[in-house]
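Right, I'll just put the structure down here and ask away after.
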């Protein structure tokens, strides 16, 4: 009979090493399912006599929901359920190897032991996670380097900008820092699914499909007081500008500290980065994906309609939109519900764009199903398919008469340069071919038709669709904008409008041009420039017209996304209109980081950050924000005095690295003229 409360040795170091959980800094045992762990406890007499173990999780544990397991000592580990194997005994203690099934529910468990007829004695609690290293697990990832990157790596690179000009910035996922695991567990317990039916919700937590979907809903604040509140207005009072975050830790900690009130504010990459942190923390291999020229097809017809007035201004009409880029997630797991060819990478999207099943959640959509146009498969494949494949229709809209005329349509515009970070390197990998067949190929059009047919769009009469004669009418001229010179905040923007006469007779063209500052979603904020010209093009002639938008013209109007949309609507006498447009993202000036000396564990090292003011006016309200997992705790914020024209500032601060290995330091510098200049530095920490 157990005389006293047993004391438990959880062998934290050894178990963590075996279970790839050493990066967690916890006094609690954290292990992965489908794999044995060893514990030693004392306080039981005659330990080998009929010991019974009880592992339970959730609010009302039961065997029926697989939230309660009782098991005694057996000679070998069980493949099916929980099991305990005796390792060794001494006069007053016993070592046991405990195994959980490959499909065990993940979360925090209470473990107790019963000896003979005595009542159960508590051994304590442990946390059980998904196991991508174990071949029986739904999240099994055979490639070890991919496990390292997609589960254990705390640093990521997110791609942004435009398809012609891809930019990148670092992000600190920080899934093993401080209290993040506990916060991830409380996210699950605050979902709508849990609130409506906690017992059923917990019983589904063995399934990465289910958890991926639930967490895609919980990372946004819509419906459920989730983690991050989205804001695409260009005005961010009362919160942080979405472009200013450098990592997920501050956001998740802030959500908990405020009593679980949504953190202000996020945009797509923030939702995707936070979801990456949560899923990697729980052991589901996950990465961020950036899609350029990403369609938001609000009405589900696989088409996005854009409207322009006679002056070439892009109008806010209709719910469809095309974003310069959009960031979502891919997570790796099997799809037993769909069959083996649909396993592997699954698309999840936590950005609240459209409701699915009545709430803002998206996925998991099998990437293979997206590529093959299998839009009838769960979950949300039509929405993801449209993001990378929708056709674009550009209309001229006359607000006086309400008449709209098709300018042109394009099937190769959407879903470009789909990007993710390379495994083990800081490079960009293009995964466009994994989402669709080659743009313009017969196979790609065939898949598009198949998707339309499955959605019942083929046979319906669509009153908004362009008439055949509108599509078949060919333009007389072609045009494009070329960038002449650098695209930098603080410098004049120089472009060339190139017009070419495609016909063998002269053409007169009246051109209305506008430039607007926009958000990355191409939402217009302020007009910064307009002009009109009238030109005559000789037969087959090409002409270039220089355009200069000066820094003082755009400086006040530029959003923190640093994006400008330039359009030229060309009215050809006797012919159809031609729309020329380009979305431009300006680059911030550079910022330099130097680590002065060797970075060693638990030793101070000085870092210097330098910035030179590139413009001929003073910049003020300068703030430097620094973070990096295992390099410093939380986020360091430093205020910097104003800088005169061309003046250089140098700021020094100290780090005390806590762990050896390749670490990343992320820096964000802001002032009144430049928003969120970001860079990162790799720091090799030695013991």
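Counting starts with 1 at the first residue shown.
Cβ atoms here come from the backbone N, Cα and C positions, even for glycine.
Keep in mind that TrEMBL annotations are predicted by a computer and have not been checked by a curator.
Annotation source TrEMBL lists active site at 268, 326, 349. If you look up TrEMBL, you'll see 389, 391, 439, 444 marked as Ca(2+) binding site. As annotated by TrEMBL, domain 'Transglutaminase-like' applies to 260-352.
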Based on Cα distances to residue 326 (active site), point out the closest of the recorded positions 268, 349, 389, 391, 444.
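With Cα distances computed to residue 326 (active site), the winner among 268, 349, 389, 391, 444 is 268.
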Can you give me the same-chain residues 6 or more apart in sequence from residue 389 (Ca(2+) binding site) with a CB-CB distance under 8 Å?
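Non-local contacts for residue 389 (Ca(2+) binding site): 295, 302, 414, 415, 436, 447, 448, 451.
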Return the count of C-beta atoms lying within 10 angstroms of the C-beta of residue 268 (active site), excluding that atom itself.
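Looking across every protein chain shown, the total is 28.
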Restricting to the same chain and to sequence separations of six or more, state which residues have a Cβ under 8 Å from that of residue 439 (Ca(2+) binding site).
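Long-range Cβ contacts: 412, 415.
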Could you please provide the mean pLDDT value for the domain 'Transglutaminase-like' (260-352)?
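The average pLDDT of the model in the domain 'Transglutaminase-like' (260-352) works out to 95.
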Inside 8 A of the center formed by the CB atoms of 389, 391, 439, 444, which other residues of the chain have their CB, for the recorded Ca(2+) site?
388, 390, 411, 412, 414, 415, 436, 440, 445, 448
I'm trying to understand the geometry here, so how far is the Cα atom of residue 349 (active site) from the Cα atom of residue 268 (active site), in Å to the nearest whole number?
9
For residue 391 (Ca(2+) binding site), which residues of its chain lie six or more apart in sequence with Cβ-Cβ distance below 8 Å?
302, 303, 304, 409, 410, 411, 414, 448
Roughly how many angstrom lie between the C-alpha atoms of residue 444 (Ca(2+) binding site) and residue 268 (active site)?
27
Using other CB atoms within 10 angstroms as the count, which residue among the recorded positions 326, 349, 444 scores least?
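Across 326, 349, 444, these recorded positions, the one with fewest Cβ atoms within 10 Å is 444.
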